[in-house]
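Each remark here refers to the structure printed beneath this line.
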Amino acid sequence: MTKILYGNEVALKIKEDLNLRIDKLKEKNIIPKLAILRMGNKPDDIAYERSIIKSCEKLNIETKVEELSEDILEEDFLKLMESLNNEKEIHGILVFRPYPKHLNENTINSSIALNKDVDCMHPLNLERIFEGDLNGFMPCTPEAVIEILKYYDIDLKGKNIVIINRSMVVGKPLSMMLLSHNATVTICHSKTIDLPSITKKADIVVTAIGKAKLIKEEYFNEDSIVMDVSINVDENGKLCGDVDFENVKEKVGAITPVPKGVGSVTTTLLLKHIVDAAERNS
């Protein structure tokens, strides 16, 4: 029988610990605070912003939102970032991606203070992960994948894991993190030939391609553990992942649902990183 790997159970456990830690910070008159930088008014960004603010409010984490024009000059953005880096009450900084095309992504990411880089966007923080050091901030989504697997006692050592994503946001950092846990990792992408033949041999498949219900049962074997990272909208306007959940759910060993899967843990880990930063800087 297929096991459903609910992320909201993992998130709840993390939040219970965060409540205790936030109370201790409050005794020192420290309130964890996140700065959110959003360029433009894309509906997806606004929805994500609201969900983060709502999650922060539930844990008494403060937020400061900087609503910026998509046409903002790079020098003006960097001045704002310098100000936020120097603001002692700000413990974490999150910049929504993708950036407007006229901004240099590396320059923007490099402008975030290392100790406030709660989603691991700075090249030096990413470099640390590629060197096998998982002691600092990690990208929230890849970390969420690993936290769910750990929560359900799925040992990564020696596992053959296929990641369908090669971005610096998910695929590449996740591959390095999994290697640090002694997994054997294969990265696939849009140019991969005969993808199902590769995924079907894997113990664990992580998909993050952003295509609603594209992945069907022929991609898996009966023991496959399926981690669906994507949050898409189907033809009926309902949230779904890359995997056709109803088609697959009885034909694999375990699977994360969408919603209530990886996404719920991703947001919770962002909150954890804010609290981590507040504690380190207290």
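Cβ coordinates are placed from backbone N, Cα and C, and glycine is handled just like the others.
What Swiss-Prot says about this one:
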| type | residues | note |
| --- | --- | --- |
| BINDING | N165, R166, S167, S190, I231 | NADP(+) binding site |
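Locations of recorded Swiss-Prot features on the structure.
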| residue | record | Cβ contacts under 8 Å, 6 or more apart |
| --- | --- | --- |
| N165 | NADP(+) binding site | G171, L174, I187, H189, V206, T207, A208, I209, V229 |
| R166 | NADP(+) binding site | K172, I187, C188, H189 |
| S167 | NADP(+) binding site | A208 |
| S190 | NADP(+) binding site | I209 |
| I231 | NADP(+) binding site | L239, G241, V258, P259, G263 |
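The maximal spread of the NADP(+) binding site, taken as the longest Cα to Cα distance among N165, R166, S167, S190, I231, is 18 Å.
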